Amino acid sequence: MGKKAIQFGGGNIGRGFVAEFLHEAGYEVVFVDVMDKIIDALTSNPSYQVTEVSDEGERTKTITNYSAINSKTHESEVVQEIATADVVTCAVGPNILKFIAPVIAKGIDARTASKPLAVIACENAIGATDTLHGFIKQNTDESRLSTMGERAQFANSAIDRIVPNQPAGEGLNVRIEKFYEWVVEKTPFGSVGHPDIPAIHWVDHLEPYIERKLFTVNTGHATTAYYGYQRGKKMIAEALADPEIRQIVHQVLEETASLIVAKHEISEEEQKEYVNTIISRISNPYLEDNVERVGRAPLRKLSRKERFIGPAAQLAEKGMKYDALLGSVEMALRFQNVPGDEESVELAKILNEMSADDATAKLTGLEKSHPLYQPVQNVVAKVQKGGK
């Protein structure tokens, strides 16, 4: 029997990051999605191409040995596949984890294999696999919870690879940044051992990697997008070519760097090098990435553990500087009524209908007693008044 992986989410990250490396590791990949269009395309095409883009040029890989199932219409087939798989991964967005948990719970419960299933959520969120695990437990019979560890092991991961807007008419093919980082904690697998996926960097402690990535790549990328959007820039590379925006992004990342260095065993020099690499990556004009794609979903990006409030709250607790991050928060709050982005419409509604206090609590999840609450509330009030 060959190795088999179930990948929830047949979108660009699912096809162009996760499945690429599962395929290279020798896994048969079963895509699970609820979008008929994606399932039909995967079912009717025996291969697709992943093109890695860098300033050195392009490199194309062909992905084969996959199938696809619509979990909306063929749930029992998905359950059966999970029951006989080695690995389950997902790239569906943190808000969708609760919707995929019931079918994964059924699949885990149906397992009789001697080796536990490895479950790895590949989302831009801290502790995404823990979150998924929680939803799976809610969908599992209580009498089966104590033995779940025999059937499945859950490991958090940090993923980092930029997938820009795709050219029209490319179908399943994905253009993607050459650089990638996929870090997964190995401790949950214990004596059983982790799956054999060479692209993964297995570590004992994941938090430094997740925070470094989220508070550098995601914070920097989104800051560029929101400032760029306000200044009429179309592309991320174009925004970063503006010396003023580039300077602001550096200031924001100096603040998050001070947190990362203070908290984790990462030296100032190492973090500085990492920041420079990140800025050079997101400046890459070959990626042709636009500010609206990177800025979309501002409600999620403004939430408590995310890329702005997450580091700013920790800095405030430590009595450290977070002024530049407040600027990013302000620009994110101004990302309203953007065509095709429901969250930006909802954001405008919240800021229009709620008091500054209520809007701050709802958007950021900060408690009134938190040292960051009042500074953020001031920014919310300023945006509500239309001040620049």
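For all residues, glycine too, the Cβ spot is worked out from N, Cα and C.
Swiss-Prot lists K213 with the feature active site, giving similarity to another entry as the kind of evidence. If you look up Swiss-Prot, you'll see A5, I6, Q7, F8, G9, G10, G11, N12, I13, G14, R15, G16 marked as NAD(+) binding site.
Structure with Swiss-Prot features highlighted.
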residue	record	Cβ contacts under 8 Å, 6 or more apart
A5	NAD(+) binding site	L22, Y27, E28, V29, V30, A85, D86, V87, V88, T89
Q7	NAD(+) binding site	G14, V18, A19, L22, V29, V30, F31, V32, T89, C90, A91
G9	NAD(+) binding site	F31, V32, D33, C90, A91, V92, G93, I96
G11	NAD(+) binding site	D33, I38, A91, V92
I13	NAD(+) binding site	A91, C122, I159, R161, V163
R15	NAD(+) binding site	F31, Y48, V50, I63, L172, V174
K213	active site	A158, I159, D160, E181
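In the three-state DSSP assignment, the secondary structure recorded for I13 (NAD(+) binding site) is helix.
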